[in-house]
Amino acid sequence: MIKLTSLVKAAGUAAKLGPAGLEDALSGILGKGDDPNLLVGPETADDAGVYRIGEGLALVDTVDIITPLVDDPFTFGRIAAANALSDVYAMGGRPVTAMNLAFFPACTLPGQILADIMAGGLDAVREAGACLVGGHTVEDHELKYGLSVTGLISPGRIVRNSTARPGDRLILTKPLGTGIVSTAIKADMVAPGVVDEAIRWMALLNASAAGLMLECEASACTDVTGFGLLGHACEMARGAGVTLEIALDAVPLMGGVEDLVADGLVPAGCYRNRDHYTPLVSVSAGAGGRLIPLFDPQTSGGLLITLSPQFADSFLSMARDRGLFAVAVGGVLPPREHAVVIA
């Protein structure tokens, strides 16, 4: 089998621009604009855009492309598609159509690999109940694949990343560690069981967690992806004008992640996230390297959801009954000096 991860410089969402470079590039175009039908634009770094097309109906639009973070083509395609679909789920929407976006080194890889990647993507799209309607390819020296996704939503049901309220509780629906495990895969320094667990989480759609989020009237949500848990928590806090408190000991990690960090198998994107967001985070003495997984760029990560205490209890109970993963990791405070406080 061709080792896809050996063909790229960085894997998965760890290959994205760091937050500092992205903010600089976008600084001149941020702002929602004056179209009254544009309900969610780029102004709060939300997961997708939302555009009203009629009374009681709006489109949710997103795009996400990643480099290989596993070596099996079908699995890579499935994970990349799950990662792209997640943005629609995080907004409370329902995916309806998707388009392939493939950047492929046709001179060095057989075409069957691209076919297998797109088959994996189609598998996830079909599970989401959406239709694959086309796509676009580019011959490139480095392999990349993803989807543009369009969803539907009622304007009154949009769940934004900027509407957390003091007193809410904070819930996470997948453990952390995909960037660290992917770095170890690329280096051939990880046990198969650790890889298998990470793949299960990355291939899992956020559909069920998002459905439960809507049932429990979440106040805010984002999916944890390239900026890591702390980066996305900072964006939530800044957008809402609040402070998020995260209990370090409550944050779930995938199996083997702490050992991989101790071995130095940490993606460069993790350090970019740390450098950018650390000034916004208050850390108790002694946390040290324990924070590394919280800055780890996630691919197809879980939802980070805020709910009122009553609904948070219901969410956790219903998740348990339905066999869904969900952990309370903190809460929402009135604004303090820092966007995030690590307890």
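The backbone N, Cα and C atoms fix where each Cβ goes, and this holds for glycine too.
Per Swiss-Prot, the features are as follows:
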- U13: active site (ACT_SITE)
- K16, T44, A45, D46, D64, D87, G135, H136, T137: ATP binding site (BINDING)
- K16: site 'Important for catalytic activity' (SITE)
- D47, D87, D223: Mg(2+) binding site (BINDING)
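Structural mapping of features recorded in Swiss-Prot.
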residue : record              : DSSP (3 states)
A45     : ATP binding site    : coil
D64     : ATP binding site    : strand
D87     : Mg(2+) binding site : helix
G135    : ATP binding site    : strand
D223    : Mg(2+) binding site : strand
Of A45, D64, G135, T137, i.e. the binding-site residues, those within 10 Å of D87 (Mg(2+) binding site) when Cα atoms are compared: D64
Spatially closest candidate among D64, G135, T137, the listed binding-site residues, to D223 (Mg(2+) binding site) (Cα to Cα): D64
Number of Cβ atoms other than its own within 10 Å, given for G135 (ATP binding site): 15
Rounded to the nearest Å - Cα separation of G135 (ATP binding site) and D47 (Mg(2+) binding site): 21
Count of other CB atoms lying within 10 Å of the CB belonging to A45 (ATP binding site): 21
Near-site residues: Mg(2+), ref D47, D87, D223, CB cutoff 8 A to centroid: D46, A48, T62, S86, V88, Y89, A90, M91, T222, T225
Between D64 (ATP binding site) and D47 (Mg(2+) binding site), the C-alpha gap once rounded to whole angstrom: 10
D64 (ATP binding site) CB neighbourhood, other CB atoms within 10 A: 26
Neighbour tally for D87 (Mg(2+) binding site), based on other Cβ positions within 10 Å of its Cβ: 26
